[in-house]
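Student: Handing you this structure, nothing more for now.
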């Protein structure tokens, strides 16, 4: 008999060879219609898996995230089968699941068009209607290579060559289609009913632009048609809010092929950038941070000492100067340690909170670049706190409180915190890990935040917190981080003299609130759909004239507003007033003052706000005072 343990710590005995589906039938009949796969010792497997030894057993249901991921995995296979039946000459490459869906890469001379997606969907529905079983088989390496070679599936052969020699080669069959796959899959194709193919794009084998170009078809799949409809409606909203589109319309920034992954900030976009930077700078000053500036170009030797050369070299931009290899910095932390090391430090100097708006560069494949969200050149609101072990809790709490204050100001109140604790392989003593982990937990609790545990997912040099924002349409954006580091100060020779007169390495806290300014601006644009809060809007006030007689009054009001640091502009063109109003609303100007004969006579303005069609008259002095009350923070 074998012992099978369950999540409630109970144990049942079964004959070896019992299938996962039989255990569910016997013990969990209420889950029969919801079960899609099982977990044996935390490994996801098919329902038909035979259990031959003692294990921990869990049921994966359709209503779980893992269950939904399996539905999407199934649908990717069904799409590949449909395409192979419609276009036999097409070669399959890889088809993973991704956030909210899946994709599959194909090698073919045929150019897939968006119009063909509906026909592919029809073929997929035919396959689903047949209710074909997903059948798992284990093949020898030789069998797999021979089969896929005979089929001309060269990319599958390349994938097999990279599978470790000790691992089984598994394939899945559904109907006439056979694909290389680890699984798991649902019992049959019938579960994948709510899906939609969304777009076609180019890609490269292994993401390397030097390799042959492939074609990638994206899709999404959900449990029900209702969920699918909700998601597709959300996609329309996402498209409306696309920061690249809004950024162009509002003349904030642009990107061009001569500088891929780098931003050309226009006047209005740079205003937003500077407001955010200066706001964060002031918050840091008020919280005891010093600001520094470090070089962009540093010798390879520093990156070797820090350990980044071995782990991060492929993402560095390298050059050679005076016969020495140099790199544009991809991060600021080793530079901050150099400033710490520039003088003798005492325990009385700690904590030392060192901040930098550090511009960094990292290589990203061109296909991965995405507007402001994924770039090669970016500025971090970076800071490092050098402290003693006894100061960790207080510093972590102060950071969490600061971070929450900032997020609330920018309009984010729904924050998810992920806590990653010690991995098996790690540096530092259990004592310091205990203290660091307790500090992070305590700081999150004191800030009235809940956290999700990522067990064992911390870096080898310390535990971390990740702060994820939920935007106006429910998307999640990971921005803030608090990462403990027990290793880098030691590697780079940082120490302070303790109260005992001995040398000690400081604990280093890597922390950021926004992440990068570029990406955070992209998130803000999409969160607010371009309608930024008044204090953040590049133009806060537009003064529109109805007649020529109003020009002098309008200009005088503009000067009056600008003296109070209001970012104002005046429109004295000959266009009709309704056209002017529409034009400035399309520019997302939060406040319009409309000036005509009546307003001149009464020294007033007619006010219209971006989110309202109503207009009301107010004296110019009162209108300015009202605007000033919300024009800055």
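These residue numbers are counts, starting from 1, taken along the chain as shown.
Cβ atoms are placed via backbone N, Cα and C, with glycine included.
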Student: What does Swiss-Prot list, out of 333, 335, 360, 479, as binding the same Zn(2+) as 384, 510?
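Tutor: That Zn(2+) site, as Swiss-Prot gives it, pairs 384, 510 with 333.
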Student: Give me the count of other Cβ atoms within 10 A of the Cβ belonging to residue 384 (Zn(2+) binding site).
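Tutor: Taking all protein chains shown, residue 384 (Zn(2+) binding site) has 28 Cβ neighbours within 10 Å.
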Student: Using the centroid of the Cβ atoms of 333, 384, 510 as reference, list every other same-chain residue with Cβ within 8 Å of it (recorded Zn(2+) site), in sequence order.
Tutor: 331, 332, 336, 382, 383, 483, 485, 488, 508, 509, 511
Student: If one looks at the chain holding residue 510 (Zn(2+) binding site), which residues at least 6 apart in sequence have a CB under 8 angstroms from its CB?
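Tutor: Listed in sequence order: 333, 382, 384, 481, 482, 483, 485.
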Student: What count of other C-beta atoms do you get within 10 angstroms of the C-beta of residue 333 (Zn(2+) binding site), across all chains shown?
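Tutor: Other Cβ atoms within 10 Å of residue 333 (Zn(2+) binding site): 22.
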